[in-house]
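Per TrEMBL, these features apply:
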DOMAIN    55-401  domain 'Amidohydrolase-related'
BINDING   HIS64, HIS66, HIS212, ASP300  Zn(2+) binding site
BINDING   GLU93, ARG155, HIS185, GLU215, ASP300  substrate binding site
Amino acid sequence: MADIIIENGTVLTMDPANEHTLKEGTVVIEDGLIKDISLSTNERADTVIDASGCVVMPGLINTHTHAGMTLLRGYADDMALNQWLEDNIWPVEAQMSDDDIYAGTLLACVEMIKSGTTSFADMYIHVEMVAKAVERSGMRAALSYGMIDFGDSIRADRELEEGKRFVKKWNGSADGRITTMYGPHAPNTCSEELLIRVREQAEHDNVKVHIHVLETEDELNQMKEQYGMCSVNMLDRIGFLDNNILAAHCIWLSGGDIEILRERKVNVSHNPVSNMKLGSGIAPVKELIDKGINVSLGTDGCASNNNLDMFEEMKTATLMQKVSKLDPSLVPADTVLKMGTSNGGRALGIKSGILKKGYNADVIIVDMNKPHLTPLYDPISHIVYSARGSDVRTTIVQGQILMDNYELKFLDENTVMEDARKAAADLIERVDIKRE
Ligand SMILES: C[C@H]1O[C@@H](n2cnc3c(O)ncnc32)[C@H](O)[C@@H]1O
Ligand SMILES: [Zn+2]
């Protein structure tokens, strides 16, 4: 007896080895995994979901965010990264408590579950509380503690210890839903020594590394001044780059940098909305994809986006490339859908993002019976160009239904919102008192 059967839906498997679209397909789920994908089944299950008129697809995978930053949604807009971080975000983060991070991360999980994201890669502070919130939410996540030393060796020791403690305690926890990574913040906020130690430690612990790379022209200039070379060259010189690296943003890349990322098989997380909002620039996504580099998608945090809707991210990713080169054929819908699903699974080293026997049962059901999704010629076109996160009807992670027919099963959305509102108000009051 299976746990869940989803029947009568249009199934987008995203499996490169198989047909991408199965009309009126059936997905069988057992013990947290996909047991079968077919046109019909003789299996019986405890729960049978009729997905008529819906698209059944892998849950979306957000490969770069800072979930706790939901508390800072709308707090500081319309400025560039450095001013945004240094004058606005970091002073508030310095006042954040464990409870704030828990409330903010839980709010992020509610937002993600409701908009069809089943896994995310996070880099943040008070990271134990991030893990506790993820554990409670039922989501899957690759979590890292964001380390910064600004060249201070005592601070570097402390930061690395914190990162190590977190990896040791949480890797593989929550029935395997939580994996961990090391999270050195960026090449211009971490010393070369810290980056080298992180790389060695990550290899020792067999975990991946999540880092911001060449997000701004300021970073490029700073690195050239400090090291006489750009971030990618510096990271390559110290032997940092390989296929266990998840590099977020990667906007200010030269042709040579792209070649290095290809050679080293680095995974790139593209964050188009945040990149536009902070005025950081346009990443060379077409060039990266043409080189065969694994490019996935991330929202970045809620203070630079200002939401966690991966449907919006997919649409923005393709539109941004088209307009930047005045070529509408660039990064077509099926490519961007892979970026939001299977490429994300590959980047995080998890068997998610594809509906295939033996893969994690991380599945979403998107309701196509909506005016803005009518008529329906091509489900992939609608998922990328017309659908929104709010069209997701059902979200399943590791075979557990987290949202059924638009209703969250394990979290009370109103309580989560109220807790977040209160945490945000108290936090900003503390910040204001400190500033006076
Ligand atoms: C983990 C730290 O990273 C900070 N952060 C959030 N968004 C960005 C971004 O786009 N670039 C660089 N750093 C970012 C976050 O506030 C934490 O301090
Ligand atoms: Zn970021």
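For all residues, glycine too, the Cβ spot is worked out from N, Cα and C.
Automatic prediction, not curation, is the source of TrEMBL annotations.
A gap of 19 Å separates the Cα atoms of ARG155 (substrate binding site) and HIS212 (Zn(2+) binding site). In the predicted structure, the domain 'Amidohydrolase-related' (55-401) carries a mean pLDDT of 98. Counting other Cβ atoms within 10 Å of each Cβ, the lowest count among the binding-site residues HIS64, HIS66, ARG155, HIS212 belongs to ARG155. Within 10 Å of HIS185 (substrate binding site), as judged by C-alpha distances, the binding-site residues found are HIS212; the full candidate list was HIS64, HIS66, HIS212. Selection of the binding-site residues GLU93, ARG155, GLU215, ASP300 by a Cβ distance under 6 Å from ligand 2 yields, in sequence order, ASP300. The C-beta environment of ASP300 (Zn(2+) binding site), restricted to residues of the same chain at least 6 apart in sequence and closer than 8 Å, consists of HIS64, THR65, HIS66, ALA248, ASN271, VAL273, SER274. Every protein chain considered, the tally of other Cβ atoms within 10 Å of the Cβ of GLU93 (substrate binding site) stands at 23. Residue annotation for substrate gives GLU93, ARG155, HIS185, GLU215, ASP300. The furthest Cα pair among them is separated by 25 Å. Same-chain neighbours of the Zn(2+) site beyond HIS64, HIS66, HIS212, ASP300, judged by a C-beta within 8 angstroms of the site's C-beta center, are, in sequence order, THR65, MET123, ALA248, HIS249, SER269, ASN271, SER274, GLY298, GLY301, SER304.
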